[in-house]
Amino acid sequence: MRCSGSISVPWLLAILGMCFASGVAANADDAKASALAKQNGCLGCHAVNKKIVGPGYIEVAKKYANDPNATAYLKNKILKGGAGSWGVVPMPAFKGLSDIELTYLATWILRGAPDSR
């Protein structure tokens, strides 16, 4: 197979469309996660860039940046709560959140809570 080194306009538009769509989806998910954090009182104990009672979201994102299991771990931590990861004050459990809501929150936190700045 030979490659001529050029790409057709339809392919380029398709690729750009996919990039744009993924960015739009991420922004929509960030907005959902930010709203969930506000609705559930997360911002009473957490801030984006500093510790309040619990760690700042940027600090959490840095701690788990290279952990391939970070999303699953944070989803479980949000769901079940607990203490010991960041100090002795326990985080309450949020058992009323759905799996997709937990995914929105965990992913958003791992991205540094971009829509809440």
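Including glycine, each Cβ sits where the backbone N, Cα and C put it.
Just so you know, TrEMBL annotations never went through curation; they're auto-generated.
The following features are taken from TrEMBL:
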type    : residues            : note
BINDING : Cys42, His46, Met91 : heme c binding site
DOMAIN  : 28-113              : domain 'Cytochrome c'
SIGNAL  : 1-28                : signal peptide
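Structure coloured by features recorded in TrEMBL.
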residue : record              : Cβ contacts under 8 Å, 6 or more apart
Cys42   : heme c binding site : Leu36, Leu105
His46   : heme c binding site : Ala37, Ile52, Val53, Gly54, Pro55, Gly56, Tyr57
Met91   : heme c binding site : Cys45, Gly54, Lys77, Ile78, Gly81, Gly82, Ala83
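Binding-site extent for heme c: residues Cys42, His46, Met91, maximum pairwise Cα distance 10 Å (rounded to the nearest whole number). Other residues of the same chain near the heme c site, with their Cβ within 8 Å of the Cβ centroid of Cys42, His46, Met91, are Ala37, Gly41, Leu43, Gly44, Cys45, Val53, Gly54, Ile78.
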